[in-house]
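If you look up TrEMBL, you'll see 54-72, 84-105, 125-150, 162-189, 209-231, 260-281, 301-318 marked as transmembrane segment. Per TrEMBL, domain 'G-protein coupled receptors family 1 profile' is recorded for 63-315. Per TrEMBL, region 'Disordered' is recorded for 340-359. Taken from TrEMBL, the feature compositional bias 'Polar residues' covers 346-359.
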Amino acid sequence: MAVTHETITVGCLSLNLTRFDHSDNSNQCFSGGNCSTAEIRSGSLTTDWLSAHIFLRSVAICTNLAFVLAVYADKTSKGGPRLLIGNLAMCSFLYCITILPIYTLQEWLPPGEMPSSCTIIAPTMFFMAAISWADVSLSVNRTVAICFPLRYNNFRGYKITCALIAASWVISVFVPAVIGSGTGVNYVVVMLSSNSSFCTISTTNNLGAFSVGLCIPIPYAFIGMASMAIYSTAYVRMRNPPANAGEAARVKRMINKRLVIVKAMLVSLLWNVVCSTPVLLTTSVPADDIRNQTLINNLNALIPGLLYALNPLIYFWISPAYRQSFLSLTRCPQQKKTAKVAPSATAGTSSQNQGASVQSRVTSVMKSGKVDTKVWINSVRK
């Protein structure tokens, strides 16, 4: 078979190995777009790799569910920020419970029982864009909170927050609508063996390139620039505090509190860049040479599970509030009741508490300036 595309352009999409039969038709591609097939003889995924994929995808579902529950149970974050973080957590969780199981079915089912892997590209890009732009909405909120604190009280209201969430979902619908219709993109099926292949896309015009860029490159570039602006502003404000000591302490506490989510966003961004490296390497490899990149292909299939399995843990690692809220959910009711009635770590014994009470009464009598023996004895006896 002739290779119709010299270079495969993946854009924001991680390659996913799948099995389906090409014996009847070598161009079993998504009907909405142009398609070509590049046949490349190579071995398919081994059982060890497939087991690793299933394990990481299962962990991703569990960690993202834990993230959703932690955001729901957290009472320290209120109003707009809580809705924005909840939107981000829910987008990631929906991706894990819908797209990742489909990947697993494509890899395990016999050839011919699953449709072309190209059919899953548009839904995958929908969730990728939803997650990316949910991050953008959160970064906009944090930018206003730190760079423009005087305007933040109005900006964090429910109306503006809901408008940000709605805008992110509109973009998420636009991306798969363009990609799914085949406007500006070609679908490329790469045959790894007689019954193993993966599907990717190649942009053909500016609209296709722009729609693919809306998936990850554009939003995460915005998040990176917003993070730089936030940290620069925070550094300047903390280096030049107000003259009043009380006001300076208040500003410092406020900035440190609002920087918690920004730190998690920045680490998450770096983690996405690390996970995208194998995909970027594949985009620079001609289709005929992919047969020599078996390890990269396996890593590409491993990326979605690895990315979303560890990404929620970043927020648990950086934010103590989410750790505490999740742990409070995992306790059984009896443990919660015991924790409420248990004495504090600083509480002493009964005799110690009685002695402290007597001493406080004596001190109050002495401070009055009139030390009457009868009053003093009565105070001690009480």
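The backbone N, Cα and C atoms fix where each Cβ goes, and this holds for glycine too.
Most Cβ pairs under 8 A with the transmembrane segment (301-318) among the ranges 84-105, 125-150, 260-281 are made by 260-281.
Residues 16, 18, 53-54, 57, 60-61, 64-65, 67-68, 71-72, 77, 114, 120, 123-124, 127-128, 130-131, 134-135, 137-138, 141, 161, 164-165, 168, 261, 301, 304-305, 308, 311-312 of the same chain, all 6+ positions outside the transmembrane segment (84-105), place their C-beta atoms under 8 angstroms from a C-beta of that stretch. For the domain 'G-protein coupled receptors family 1 profile' (63-315), the model gives a mean pLDDT of 85.
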